[in-house]
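The feature ATP binding site is assigned by Swiss-Prot to G452, P453, P454, D455, T456, G457, K458, S459, with sequence analysis given as support. Annotation comment: Swiss-Prot describes 598-608 as compositional bias 'Acidic residues'. The feature compositional bias 'Polar residues' is assigned by Swiss-Prot to 616-626. Among the features that Swiss-Prot reports, SUMO cross-link is placed at K533. Summarising the annotation, Swiss-Prot assigns domain 'SF3 helicase' to 412-576. What Swiss-Prot lists as phosphoserine is S90, S106, and the listing cites sequence analysis. Per Swiss-Prot, region 'DNA-binding region' is recorded for 160-327. Swiss-Prot lists 598-626 with the feature region 'Disordered'.
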Amino acid sequence: MADKSGRLLGGCSFVLDEADCSDLEIDSDDESDKENVPNGQDMCNSFDAEFIDNAPLAQGNTLALFQSQVAQAGKQKVNYLKRKLHLESSELGTVGRAVLQPVNHSTPAAKRRLFECSSSENEVSYAASPAAANTQVFRNQNSGSVGGSSGFGSQASVSQSQQNSNLHLQILKSKNSAACKLAVFKFVYAASFCDLTRPFKNDKTTNYQWVAAVFGVSEELFEASKQLLGRSCTYLHATCRAHEKGSVALLLLSFHVAKSRETVTNLLKNLLNLRAEHMMLQPPKLRGVTSAMFWYKMTLSPNTYTWGQLPRWIEQQILITENSSEVLKFDFSHMVQWALDNEMMDESSIAFHYAQMADHDSNARAWLGLSNQAKIVKDVCTMVHHYQRAIMRSMTMSAYVHKMCERVNVTGSWLVIMQFLKFHGIEPIRFVNALRPWLQGVPKKNCLAFIGPPDTGKSLFTNSLMSFLKGKVLNFANSASHFWLAPLTEAKVALIDDATHACLKYCDTYLRNFFDGYSVCIDRKHKNAVQIKAPPMLLTSNIDIQAEEKYSYLKSRVTCFYFNDKCPLNEDGKPLFQITDPDWKSFFERLWQRLELSDQEEEEEGDENGSRGTFICSTRNSNDFT
C-alpha cells in the first residue's frame, strides 16, 4: 500500500490485493483513534496481529519418517550387494518389491531376473557350480533335476533316464549350447575339452584319431557300443561318468582309415541313439604333455575300457628314456646328411619328407618344434647344393656314369635303344662311336644334334638320356636373361630341346665355345661369375644345320643324327618305343669297354681321399667314439 505521497508503507507487502476487510471486526473502543490514523496503516496493523502465530507447535511423527528412510536406504544397499555378488533371492518386504524389479537386457529372447520369487511358476537361476563360473548356464528348478528346488521342496532321487533327458533339455534350451557342454564336461572330468583337442573348422576334414564327448548317453547303449567300435578302431578308450545332471561319456577313437567329423558323428548317432547336438567331436592334441598324461592316467582307472595298443604319440610323451634330454635338441648336420643321402635338392621336398619322419626320428620332431623351420630348410637346401656341386666336380665322367647306374635298381634291356636307332636308319655302331668322344668332352665333338620332322621321337630319345644322367635342360625362352645358362654350373650334361632359327643364331653367335667343349665363363645371379669346362650337350631341332649355309660355323662343331620316320604308337596312343632308365643302365653296362670308360675298381684304389665313398657331413655323438 502507498500513502497519498506515493511512498510504500512498511510491513504491508504481504497483504493480498483482494483481502476482505470488515468494519464489524473493529472494536468500538478504537473508533475514536481510527479517525486520527490513516486508513492504510490501520489495515496493515490489523493483518500483522492476525497472521503471526507465536503459539507452541507439536513435534509430529518425524521419528517414523526417519526410520522409513533408514530402512529404505538399507534395502538399497542389500540389493546392490546381491546384484554384485549374484546371490540368490530371499523373501522381500513390501518396500523392497517396488525397487527390485526384473532387469530387461537388450536381447528380448533371453531375460534374466536379479532375484527369484518363490511364488512364480517357472523360476530360472544360474548354475552355482565352479565349472560354470565363467559360463552362464540356465536350469529349470521345477524340472525335477537333482539339486533343483521348487516351492514344494527338492526331490531326493531321480532315475538315470530322467537325468539324461534333463541334461538334453538343458543343452537345447541354453543360449550357447557349446559353452554349456564345455562347462558340464569340465565339471565332470576336471579338465577342459579344449586342452585335450585341437579344433577342426571343416566337418569334411579327415583324420585317423578323434575325441568324442557324449552327453546324456544311456548306460546300456554305451556298454554295447564298446564292442562295435572296437571292430573299426586300432585303439579305443571309453569311459563314462554319472553326474547329477546326467551321464557324460568320453571316447578316444583311433580308426583304421581316416574319417571326417560328419562320418564319426553319424556312427555315434546310430550306436548311442543320440542327436548331433549332444556330442562334441575334435581330433586329439598330439603334441602336448598335459593331454598325453590325461589319457594315460585315465587308462589306469578301473572304470575305463581300453582296447588295442596305446597310440605312439602318447607313449613318446609319457615314457622317460635315457635319451629323453636329447629329444628337444635339434642337430642341423643330421638334417643335411639326410637330405644329401636321399638326394633332396628342393626345399619343398625336404620340408615335406622330413616332417613325415617325426614319428620315428627325434631330430625331425625337434625340428617341427622350432619356429624358424623355413629358414632351416632353406639353409639345408643351400648346403646340399654346395656338397652336390663339389662332389660332382670331383668325379670323372666314368665315375659319374657308374654312380647313375648304381642308382637304378631295376634291370632293363639295351636292345630297346638299338631297335629305336635301327628304326630311324642309324647304325648303332655309328652312334656308339659318336657317344664315346661326347662323354670324354673332346673338342669339336662335344655336341650331338638330332634333326628331323616333328613326331619322330627326338625329344623322347634325348630326354630319356637326360633323365638317366640327371642332366639340365635349357630353355631358349629365358635367353633374355643373363643367367639362363647358370644351370650348366651344376650339370654334367645338358640339353637344348627344339632349337629354332633364333636359337641356332644365338648359338652360332655366342655359344661356339660351348659346342667346342672348352672352358667358358658363366654369370650367376647374386654371385660371382664362375669358369667351368663346358659339359657335353645334346641338341634337337627341325632345321638341318648341315644344309643351312648361314650356320657354317656350327657344322664342324655338331655331330648330326637324322630321325626321318614318325615314331609308331600302340593302341593306347603311347609310343611303341619306351626308353627308361633301366634300359640306359643296361646299355652303358653292355658297352662299357667300347665307350672306353675307366674301370671303377682302379679309380677307387688310386683315390687316396676316398671321394668315391659315402660323404659324411653330420657331427658324431659321444657314443660313436670307442
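Backbone N, Cα and C atoms are what each Cβ position is placed from, and that goes for glycine too.
Here the features listed in Swiss-Prot are placed on the structure.
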residue : record           : DSSP class
G452    : ATP binding site : coil
G457    : ATP binding site : coil
K533    : SUMO cross-link  : strand
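In this structure the alpha carbons, written CA, of T456 (ATP binding site) and K533 (SUMO cross-link) are 32 Å apart. Counting only same-chain residues at least 6 apart in sequence, those with a Cβ under 8 Å from the Cβ of D455 (ATP binding site) are K566, C567. Counting only residues at least six positions away in the same chain, the Cβ atoms of G441, G517, Y518, S519, V520 sit under 8 Å from the Cβ of the residue listed as 'SUMO cross-link'. Each of T540, N542, F563, K566, C567 belongs to the same chain as G452, P453, P454, D455, T456, G457, K458, S459, is absent from that list, and has a C-beta within 8 angstroms of the C-beta centroid marking the ATP site.
Long-range neighbours of P453 (ATP binding site) (same chain, six or more residues apart, CB within less than 8 Å of its CB): N542, N564, K566. Least crowded of the binding-site residues (G452, P454, G457), judged by neighbouring Cβ atoms within 10 Å of its own Cβ: P454. Each of the binding-site residues T456, K458, S459 was scored by the other Cβ atoms within 10 Å of its Cβ; the lowest score goes to S459.
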